[in-house]
Amino acid sequence: HRAASYSYWKSVNSIFEIHNETANIWSHLLGATWFLLMFIEFFYSGLAYHISLGDGVALGLYYLCVMVCFLLSTSFHTFCDHSSDVHKLSNELDHLGIVLLMWGTGMSGTHFAFYCHPTIRSAYFALLTITAFGCGLFTLQPKFRQPDYKTTRYLMYVLLDASLFAPVLHGLLSFGVSSLEEMMGLGSFLHLAVINSFGAALYVWRIPERWYPGMFDLIGHGHNWMHVLALVGALVRLQGLLQVADAWQRGGHMHGFCNAL
């Protein structure tokens with residue numbers, strides 16, 4: 001563990017040292033860099049020049065939300081040793097990044113799921129944005145991190161999760177599994193949910209360090225695995241979104257527009 005640095009410069013320099021936050025810092029710093037490079041590659045790829053503006057915005061939003069989330073996570077694990085006040089602020093921003101990523105994931109998926117139903121899509125956009133905004137406000141209010149507001153925080157995140165899955169469930173009931181897979185990449189979305197849930201379980205239940213005290217203090221503890229799995233899940237979902245965007249342009253009845261409109 002690092003001692004309190006009371007210096008941003010010392011905290012930044014500590015990313016090159018070995019301590020219990022090293023893996024957390026580098027996993028998401030490299031992850032953010034990786035997504036930036038992939039976004040640049042996408043921007044200059046053939047797909048970027050053939051998809052519609054709306055599709056490009058949806059994909060760009062996902063890239064951006066992943067990068068910001070990982071950078072805020074990196075910032076927290078870099079500066080959490082600075083002081084108590086900086087620890088609290090960076091932790092709030094870290095959680096805000098998670099909210100932002102959930103919002104971006106929901107918005108991009110909903111864009112494709114209801115491609116031919118703009119009114120329904122707009123309604124879900126509004127629902128996702130309102131719930132994410134509410135969660136963001138709660139996250140940035142120090143008093144809401146106190147034990148007295150534990151139930152309120154829990155309900156806010158439940159509401160955000162519900163708004164994330166609501167359009168997916170709606171799509172399943174309206175279009176069926178196979179059509180929704182083609183339309184919004186259902187499989188990659190569900191894989192993302194499973195991967196992140198597994199990572200969160202490792203973190204909450206402190207696996208594997210609870211079974212081998214002291215062995216995973218520096219690397220390999222549940223928080224590390226949650227970071228790695230968050231990156232894996234984000235990559236899986238990205239591939240699904242890219243395939244869906246390509247399908248809307250090239251696949252059979254999908255040409256980037258809806259014949260019914």
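For all residues, glycine too, the Cβ spot is worked out from N, Cα and C.
TrEMBL annotations: computationally assigned, not manually curated.
Note that the structure is a prediction, hence the values are computed from the model and not measured.
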Candidate ranges 185-205, 206-226 [criterion: TrEMBL lists as transmembrane segment]: 185-205
Per TrEMBL, member of HIS77, HIS82, HIS87 binding Zn(2+) alongside HIS223, HIS227: HIS77
Fewest other Cβ within 10 angstroms of its own Cβ, chosen from the binding-site residues HIS77, HIS223, HIS227: HIS223
Residues flanking the Zn(2+) site, with Cβ no more than 8 Å from the Cβ centroid of HIS77, HIS223, HIS227 and excluding those residues themselves: GLU21, ALA23, ASN24, ILE25, SER27, HIS28, SER73, ASN224, MET226
Selection from 56-76, 96-116, 123-142, 154-173, 185-205, the stretch that has most Cβ pairs under 8 A to the transmembrane segment (25-44): 56-76
Highest-contact recorded stretch vs the transmembrane segment (154-173), from 56-76, 96-116, 185-205, CB pairs under 8 Å: 96-116
